[in-house]
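Feature annotations, courtesy of Swiss-Prot:
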type: ACT_SITE; residues: 201; note: active site, proton donor
type: ACT_SITE; residues: 201; note: active site
type: ACT_SITE; residues: 203; note: active site
type: ACT_SITE; residues: 208; note: active site
type: BINDING; residues: 201, 203, 218, 416; note: phosphate binding site
type: DISULFID; residues: 77-239; note: disulfide bond
type: DISULFID; residues: 81-237; note: disulfide bond
type: DISULFID; residues: 366-487; note: disulfide bond
type: DOMAIN; residues: 411-437; note: domain 'PLD phosphodiesterase 2'
type: CARBOHYD; residues: 97; note: N-linked glycosylation site
type: CARBOHYD; residues: 132; note: N-linked glycosylation site
type: CARBOHYD; residues: 236; note: N-linked glycosylation site
type: CARBOHYD; residues: 284; note: N-linked glycosylation site
type: CARBOHYD; residues: 387; note: N-linked glycosylation site
type: TOPO_DOM; residues: 60-490; note: topological domain 'Lumenal'
């Protein structure tokens, strides 16, 4: 039997009067909440719209991103990058009808030095900015001597100057480097012969990790007045400049005593920017994609595209034309013993012309030091052009003329360019086009994909056509008398 329960009604506490908001404040709060929602919605739509606009711009510019790999999205950079092509035109070499007028290499270098505030990193092959190596008083050496003088002023002003240079395999003047050491610069010699059986053939500057020069010019007074050179200066482009600094840091590491190439490079040297995920930049006010490649493959940390792979990718994706200006072109490992055939680039050019109908123009330098075997390979490539194959390949030799005094200057009067341009891409490198430069020798290249009038690509195309159509370009069957003894291949 259940016990009898006593129920008692609980008393509920009386409610305190609520602090009610006046109706006008409630309405104001609701209005503010509604406005905030609309602002948030507008911001979301703006972000989505901007992304769609940029995607549309790049699709409009490039059609698709097949050139860089499937389904890859470029990593963005918001620097207002400015690119300027710079040239060294040898004294006495005139282009009277040319519309191109680019700044000189010496002007660009002196401008970079004048603007350096915190750091300057230089990767270089050798140093002869004075003409001590010729034991002459050559007036055209003055520009190189001025560059050296300005370099010596930087370290005393607090600029951290670092120079990575290839360790010479034999006697070589070190006067310039000794002067820079005395001024406070740091110098490390990279023994590429020991590391990869090659040399450090790279030629670039990085200033304040914001601006840089990359091109064909050596730290040689002749590269400013007696040798034809081409490079690019990138201003206010810290994203690319910092990435180029990573390549320099690898050289700097290898310049330490007893160093060796790591089996796996530390993550410090890795990059996010490469052929598959190029950097999305605004270049000279228009959209562009860019990345830096490096050689040889053992010097490519995670993410870095090897130079040869980048070069071949540009060749393989050309659909209209391929214009190439290079000092040496040899489908061989010319510094290997015994010599070995190396057709990687040659096959790519033949395939482009034969399979896709791409117009190929190859402008190779000819001077007193040209490798004599090069002629046979150039004739073989040019022979592909006939009425049966409909392959449009042409090869010319560029000869820099020299008067009696200029002819006495050693290792001068040559077209030292190392670039390629297609209807889609620009490739500016530091290597000659033969096998060892990509398998053993250290080099760097800048690749830019940009269309439109006034683009870097269109400017480089104009320079190539100026040279190709100039009186300094000669067919392979030209008479040797037309160039005197300045060309070994005729």
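Numbering starts at 1 and runs along the chain as it is shown here.
Glycine is treated like the rest: Cβ placed from N, Cα and C.
Here the features listed in Swiss-Prot are placed on the structure.
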{"residue": "81", "record": "disulfide bond", "Cβ contacts under 8 Å, 6 or more apart": "234, 235, 236, 237, 239, 240, 281, 282, 283, 284, 288"}
{"residue": "97", "record": "N-linked glycosylation site", "Cβ contacts under 8 Å, 6 or more apart": "none"}
{"residue": "132", "record": "N-linked glycosylation site", "Cβ contacts under 8 Å, 6 or more apart": "173, 175"}
{"residue": "201", "record": "active site, proton donor", "Cβ contacts under 8 Å, 6 or more apart": "125, 166, 430, 431, 437, 441, 442, 443"}
{"residue": "203", "record": "active site", "Cβ contacts under 8 Å, 6 or more apart": "123, 124, 125, 214, 215, 216, 217, 218, 219, 231, 430"}
{"residue": "487", "record": "disulfide bond", "Cβ contacts under 8 Å, 6 or more apart": "366, 367, 368, 370, 397, 399, 474, 480"}
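Taking the mean position of the Cβ atoms of 201, 203, 218, 416 as the phosphate site, the remaining residues of that chain whose Cβ falls within 8 Å of it are 125, 202, 216, 217, 223, 418, 430.
DSSP assigns residue 132 (N-linked glycosylation site) to a helix in the three-state reduction.
Secondary structure at residue 81 (disulfide bond), taken from DSSP and collapsed to helix, strand or coil, is strand. Comparing the disulfide-bonded residues 77, 237 by how many other C-beta atoms lie within 10 angstroms of each C-beta, the top residue is 237.
Comparing local CB density within 10 A for the disulfide-bonded residues 239, 366, the maximum falls on 366. Taking every protein chain shown into account, 208, 236, 284, 387, 416 are the recorded positions, and of these the Cβ with the most other Cβ atoms within 10 Å belongs to 416. The recorded positions recorded for this entry are 208, 387, 416, and the Cα of 208 lies nearest to that of residue 77 (disulfide bond). Cβ neighbour count for residue 218 (phosphate binding site) (all protein chains, 10 Å cutoff from its Cβ): 22.
Whole-number maximum of the Cα to Cα distances across the phosphate-binding residues 201, 203, 218, 416: 13 angstrom.
Note on the domain 'PLD phosphodiesterase 2' (411-437): its mean pLDDT in the predicted model is 98.
Taking only the Cα positions, the spacing between residue 208 (active site) and residue 387 (N-linked glycosylation site) is 54 angstrom.
In the three-state DSSP reading, residue 239 (disulfide bond) counts as helix.
DSSP assigns residue 208 (active site) to coil in the three-state reduction, outside any helix or strand.
Here the CA atom of residue 416 (phosphate binding site) lies 33 Å from the CA atom of residue 387 (N-linked glycosylation site).
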